[in-house]
C-alpha cells in the first residue's frame, strides 16, 4: 500500500464547534488525511457552512448525523446532504429496512452514480457493550447484531456500514468485498484509548478490511497534529505490507 492510499483511508473527526476551527484544521490537514467528519455538535453549531468550510480547502466530507426518523424525513435529509456535496452520509440501521430503502431510492433518483453521496448505516456504536444492548432490550451478542444489521443494510440499498473494527472481518465475510466499512474505535499505538470500548490500531483495522478509519483525538490532541497524521500513515503502510 502506498502512503497516498493509506492517507486516503483516514477520516479526521472535526470535534470542534465553530467555523474558525474548521478553517484551521482543514488548512492544516487537507493534504494529510483523506476526508473530514462533520458530526452533530459541529453541524448543530455551524450548520451547512461547516461543510462549505471544509470544501473550501478541497476537503471531502463525511456528514456524520446518524439519521433515525420516519422514512420520508430521513430520505429528505439525505437529499439535503447530497445537495451539500458530501461524500459520505449516514443513518441508523436500527431505523429499519423501509427507512434505509427510501433514503437509498431518493438519493439514486436525484443524483448520478458518480455524484451521489455514499450512504452508510450505523450498526452498533463503538461505545456500546453487551451490557448496553441488554439495557435496551437487545439480548443478541454484539457481533451477531452487527452482522445482522450490516446484512439488512446491504439488502436495503446502503453502500456500507459504520462499525467497530472488531466486527470488520465478520461484516466483510457476510457482505462481500465491495461493501464499504467505515470504522471509528481506531487508536494508533502512540495514543490513549479514551472512551472507545472496542478498538484496534489503524494497521490492524485496514488489514482486517476497513475502507476508512475515523480518527480524531489521536491527531487533534497530539503535540504536533501533522506529525501524528503522518505517523498513522506510517503505521498503516508498515502494517499491511
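Note: Cβ is positioned from N, Cα and C throughout, glycine not excepted.
What Swiss-Prot says about this protein:
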- 66: active site, proton donor (ACT_SITE)
- 15, 37, 64-73, 126, 187, 196, 216-217: substrate binding site (BINDING)
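Location within the structure of each feature annotated in Swiss-Prot.
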| residue | record | DSSP (3 states) |
| --- | --- | --- |
| 15 | substrate binding site | coil |
| 65 | substrate binding site | strand |
| 71 | substrate binding site | helix |
| 126 | substrate binding site | coil |
| 216 | substrate binding site | coil |
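Rounded to a whole value, the Cα-Cα separation of residue 66 (active site, proton donor) and residue 126 (substrate binding site) is 14 Å. Long-range Cβ neighbours of residue 65 (substrate binding site) (same chain, at least 6 residues apart, Cβ-Cβ under 8 Å): 39, 40, 43, 77, 81, 89, 90. Residue 15 (substrate binding site) is surrounded by 15 other CB atoms, counting those within 10 A of its CB over all protein chains shown.
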